[in-house]
Structures are given as C-alpha cells and as structure tokens.
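Right, one structure below, let's go through it.
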Amino acid sequence: MSHRRSTVKGSLSFANPTVRAWLFQILAVVAVVGIVGWLFHNTVTNLNNRGITSGFAFLDRGAGFGIVQHLIDYQQGDTYGRVFIVGLLNTLLVSALCIVFASVLGFFIGLARLSDNWLLRKLSTIYIEIFRNIPPLLQIFFWYFAVLRNLPGPRQAVSAFDLAFLSNRGLYIPSPQLGDGFIAFILAVVMAIVLSVGLFRFNKTYQIKTGQLRRTWPIAAVLIIGLPLLAQWLFGAALHWDVPALRGFNFRGGMVLIPELAALTLALSVYTSAFIAEIIRAGIQAVPYGQHEAARSLGLPNPVTLRQVIIPQALRVIIPPLTSQYLNIVKNSSLAAAIGYPDMVSLFAGTVLNQTGQAIETIAMTMSVYLIISLTISLLMNIYNRRIAIVER
C-alpha cells in the first residue's frame, strides 16, 4: 500500500519528465496568451486615445483619387473597397505576366546552358550570372528610369504601321471591342477544341490497337480555323478594334501598357528567369544519362527525346523549386510601389492607409491577399507535382 502511494507521489513530482513537459507547455501557453492580450489592450488603448475607430466601415467611403491603371471600371469617387479590388487585380496581372514570361525565358536559357554550341552556352551563363546577382529593385529602376523613361514623347512616338505607338508614356495598342458575333465565335472555338481533342484521342487509341499512325493535325487545323470563321460569317464579327490616335499631347483610344507595368514585368521576369534557368538545367541533368542513350538507340531525334523522354522525367525534380520561384515573383511584385505601379501595396497599404489611418485593417487585408495568393499557387503546384510523381507499387 505504501509502495503504491510513493509511486503515485513520484509520478507527480517535478523530477518526472512528463510532468515537466506538461508544465513547460502550460507556462508557454499562458505567456503567449498574456502577450497577445497585452498587445490587444495596448492597441485598443492607443486607437481610442487617437480617436481612430476600428473596423471595416471605411471600405464604403469614397476614395477621392484616381488610378492610372484599372482592369475594371473605376471613377475618382468610388469607394475604398473598389480601390482594394483594383489593387488586387493589378497585383494578379503583373504576377501572372511575370510567371509566364519568366517560365518561358528561363526554360530556353536553361536549355542553352546545356547546348553543345560554345557561344550559346557561354552567353546563357553570362546572362544568368549577371541578372541573378543584381537586386530586383535595382533592375526595376534600370528598366524604368534608364530605358522606358528615355523613350521619345507622344509626338515623336515610335509607330508600328500606325496601329501601335511606343512613347515614354507607354505602349498604345488597339483594344478589342465586343461585336455581335462574339458569343457565337466563342462557342465555335470551344467546339473546335473539343472536336480536335476527341480526334487526337481517337487516333491515339487507333494507333495503339493497330500500330498505324493517322495524321491528325490537318483536320484539327481546319476545325480550329474553319469553325470560328464560319461563325463570324454567319453571325457577324466577334471583335471590333479601337485604334489609338494622337490627340493633342497624348494618344486617345485603344489600350495602354503603362511604363510602370512594363518595367516591373521586364525586371521581375528577367531576374526570376535566371533562377528558373538553373532549375531547368539541374532538372535535366538529374535524369540518368541512360535515358538519353536509350532514346538515341531507338532513333529518336534530339527534339523528340527532349520533349517526350527527358522533360517529363525532369519535371519531378523541377516543380518543387519552381514553386518557390513563383512565390518569390508574387512577393517581389510588392516592389511596384517604388516606381508608382498601382498594386496592393502602393494603393491599399499606401494611399488608402494614409488617407484613412486604418493601419491595422489595411495591413491585415494586404497581408491576407499575399498569403492567399501564395497558398493558392502552392496548392496548385503541389497538386500538379503529385500527378506527375512516380507511383510505386
């Protein structure tokens, strides 16, 4: 009986590792809760002392300032909530453009690093070593102040067949206007794609069963080109083009690619493509050389070997670090505030914060946007990575 009591007493003593672990965890939780409570109380007290009301009611108030680029309709008197949407769309736009351009450029630069051509290999190496070792902010300044801002003014703009004009105020290009046959055109395009994909799959199945290869692309080309043209002939033009024209000291009509967007896209695309190129090179070199020899022994030409044998296997190595580069693009897009591009940081965490004083709300919303975008990219890339992963039986 006494032995049982001493055992229970010993198990509840501080010398017991389990007791110490639980005690330390409880103390840590109490400390964290206390710090959070102190921060909350301190924040509320400071806001009350300064007469700042918390909450998101400010989103319904009028902004009172213009925005040079907006993908949706925006007027100077629109609300701060609409400013938030404009900044979000501008951030998504520059992130998407940079991801596409950096991926394409990095892919070809990475292939050039493995080329048998000495000059091409050295030029790609120089490209990578230069652009990945210069801070992205300096590259943004270079493209914006040293290149784009030194272009001629609107009256001396560089013209391309009087359809597009390049000046220090941006690139003006014709903008599409929806016509009467737009819906019919879209339906025709979708139908052509569906029929072409079905035809490719049917011919692939036929080739597997019989060993005979049927040429699919001529019929697919006729479908993709012919059906939309037929829809336009029957229902009218799908699009009309608004061509920019010089009016006074600037161009009117069309759409404009502002210098800030161009500089940001160029800088981040070039900067990130240098890292992606090294990822592509490492991924290709990670594929066993026996795969190259096996494809060569089957008589496959180098482009086919690369496209159908090497790249599919290299993707398993490429995708994880490539995801990190895509996330870096989204986060580096916040540098747009340095040259005045109206993204989330410049518009919402900058102008809106200064006008409303709602620092906690604006910063929290801005941080949440970047967090959600990053998590979405990670989720999509992880799903794709699992689809291409080798499944062991």
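Glycine is treated like the rest: Cβ placed from N, Cα and C.
Listed in Swiss-Prot for this protein:
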| type | residues | note |
| --- | --- | --- |
| TRANSMEM | 21-41 | transmembrane segment |
| DOMAIN | 88-381 | domain 'ABC transmembrane type-1' |
| TRANSMEM | 92-112 | transmembrane segment |
| TRANSMEM | 128-148 | transmembrane segment |
| TRANSMEM | 180-200 | transmembrane segment |
| TRANSMEM | 219-239 | transmembrane segment |
| TRANSMEM | 256-276 | transmembrane segment |
| TRANSMEM | 333-353 | transmembrane segment |
| TRANSMEM | 363-383 | transmembrane segment |
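Contact between the transmembrane segment (256-276) and the transmembrane segment (21-41) does not hold: fewer than three of their C-beta pairs are under 8 Å, each pair 6 or more apart in sequence. Ranked by the number of CB pairs under 8 Å to the transmembrane segment (128-148), the listed stretches 21-41, 180-200, 219-239, 333-353 are led by 333-353.
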